[in-house]
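Annotated in Swiss-Prot:
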TRANSMEM  2-22  transmembrane segment
TRANSMEM  24-44  transmembrane segment
TRANSMEM  56-76  transmembrane segment
TRANSMEM  84-104  transmembrane segment
TRANSMEM  121-141  transmembrane segment
TRANSMEM  146-166  transmembrane segment
TRANSMEM  176-196  transmembrane segment
TRANSMEM  199-219  transmembrane segment
TRANSMEM  237-257  transmembrane segment
TRANSMEM  260-280  transmembrane segment
DOMAIN    356-475  domain 'RCK N-terminal'
Amino acid sequence: MLGYLLAGIAIGPWGLGFISDVDEILHFSELGVVFLMFIIGLELNPSKLWQLRRSIFGVGAAQVLLSAALLAGLLMLTDFAWQAAVVGGIGFAMSSTAMALQLMREKGMNRSESGQLGFSVLLFQDLAVIPALALVPLLAGSADEHFDWMKIGMKVLEFVGMLIGGRYLLRPVFRFIAASGVREVFTAATLLLVLGSALFMDALGLSMALGTFIAGVLLAESEYRHELETAIDPFKGLLLGLFFISVGMSLNLGVLYTHLLWVVISVVVLVAVKILVLYLLARLYGVRSSERMQFAGVLSQGGEFAFVLFSTASSQRLFQGDQMAPLLMKLVDKWLSRQFNGPEEEDEKPWVNDDKPQVIVVGFGRFGQVIGRLLMANKMRITVLERDISAVNLMRKYGYKVYYGDATQVDLLRSAGAEAAESIVITCNEPEDTMKLVEICQQHFPHLHILARARGRVEAHELLQAGVTQFSRETFSSALELGRKTLVTLGMHPHQAQRAQLHFRRLDMRMLRELIPMHADTVQISRAREARRELEEIFQREMQQERRQLDGWDEFE
């Protein structure tokens with residue numbers, strides 16, 4: 001992040017001067033925050049969001065109100081009127097959503113208690129944008145002229161309509177798109193959803209990031225969650241980087257030079273007040289002592305919402321001259337993160353208990369369903385990936401957590417939890433997909449135990465050559481079992497038939513391994529015939545030897 005900021009300063013008006021129209025770039029680059037909030041929304045379904053209500057409306061509200069009150073009081077000690085001080089206090093109480101979320105991700109705070117609390121505070125700050133903007137014309141004494149209650153009521157109705165429409169329309173629309181099987185169309189639809197929800201909220205005069213966050217939450221429990229995240233992630237990273245570069249370009253180093261002492265004092269006071277409030281709230285909430293300062297430091301910088309609020313206040317003539325220079329608050333970012341972010345804790349509490357699957361099952365057809373049901377019955381945490389949308393819809397009707405997506409995409413595996421999982425079970429129908437997945441897992445997720453489905457001996461050879469020893473030939477075991485039952489019907493003792501089955505399995509596996517070097521050789525067919533004769537001879541010899549021995553089961557008949 002610091003690199004992006006320095007790059008922005010270097011190419012901006014106060015650096016080499018390559019870019020002069022910073023405002024246009026800054027407005028466009030805000031889409032990075034919009035995409036980031038959509039992905040954050042995908043990670044929180046409504047039930048989990050409801051579980052955070054205490055921290056959102058408790059700690060979040062307390063942080064905004066206490067910080068705003070203290071900062072407004074300090075501003076009133078200077079030459080600010082009380083109305084301007086209130087607006088200034090609210091603006092400075094906010095934190096930078098983009099910077100704070102990025103810092104929390106870099107430091108691994110997302111799955112800790114402090115990260116959960118930090119996200120709750122940021123979410124409440126986004127919600128507080130609406131009443132804060134509505135407060136400005138009231139403080140300016142122009143409510144009658146500029147505060148149209150009818151218009152506000154219509155915006156509320158439109159907002160509710162968006163929630164209801166999104167709740168009942170998004171999944172059917174994406175189901176129709178996924179049925180086409182064209183990945184590019186799915187990506188285009190995802191971009192349309194994110195940009196459309198952002199522009200709709202912007203038209204209502206609300207936060208674009210809040211709109212995309214809500215869209216993400218509405219789709220968090222859908223079968224398309226991981227595929228949506230994979231489709232949007234490259235755009236999020238690119239635009240978020242542009243956002244930080246544009247912030248660096250917009251820094252007014254001239255104000256810093258002419259008002260250096262005032263800037264330093266302002267930054268120190270702002271940081272000190274917010275750290276004090278955040279630290280006390282973290283202590284009251286019960287956050288571990290080792291995480292309190294980290295939590296307070298990450299959220300103690302100024303936020304981009306101050307630009308919007310202060311420009312609105314200036315248009316209402318609450319501010320005069322150059323009383324405010326909110327852009328300067330961006331300078332505290334990386335210094336604070338280095339000062340207050342200690343080493344990551346090994347005993348961090350998980351944010352979402354089921355967010356780290358033990359097993360990823362790829363493919364949920366007839367073969368994969370048996371494996372999945374067995375794992376679920378034994379309380380294993382699994383994530384199932386399936387690219388047949390009809391199968392996904394059917395399985396979700398019966399309560400299975402199956403997600404739509406092509407598992408041969410590395411980003412999809414990563415978002416599905418491959419980095420935290422212990423094993424992956426590959427049950428693809430196509431051998432090419434199976435081998436491609438094996439290669440991807442060995443290259444990008446070498447810690448995973450790979451278990452695979454082999455349709456026949458050819459696939460079994462390929463898996464063994466690739467180093468996969470845990471596999472199952474789909475017809476082999478069932479055919480052996482039926483063969484054992486056939487031997488019993490022909491008069492063989494059940495125990496003897498069981499022994500015959502085990503012998504055959506062991507000898508066949510040995511022959512399978514011996515044939516690996518000649519798997520692609522032209523003499524494979526003749527060698528297979530020879531091996532089959534050897535197998536019959538060995539099998540017959542061992543079975544005759546067993547018949548000579550006194551069988552323990554026969555003794556008690």
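Cβ atoms are placed via backbone N, Cα and C, with glycine included.
What you see is a predicted model, and the numbers here were worked out from it, not measured in a lab.
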Select the range from 56-76, 84-104, 176-196 that forms the most Cβ-Cβ pairs under 8 Å with the transmembrane segment (260-280). 56-76
Over the domain 'RCK N-terminal' (356-475), work out the mean pLDDT and round it to an integer. 83
Taking a Cβ cut-off under 8 Å, which residues six or more beyond the ends of the transmembrane segment (176-196) line up next to it in the same chain? 31, 34-35, 38, 170, 212, 215, 224, 227-228, 231-232, 235, 389-390, 404, 406
What are the DSSP helix, strand and coil residue counts for the domain 'RCK N-terminal' (356-475)? 50 helix, 26 strand, 44 coil
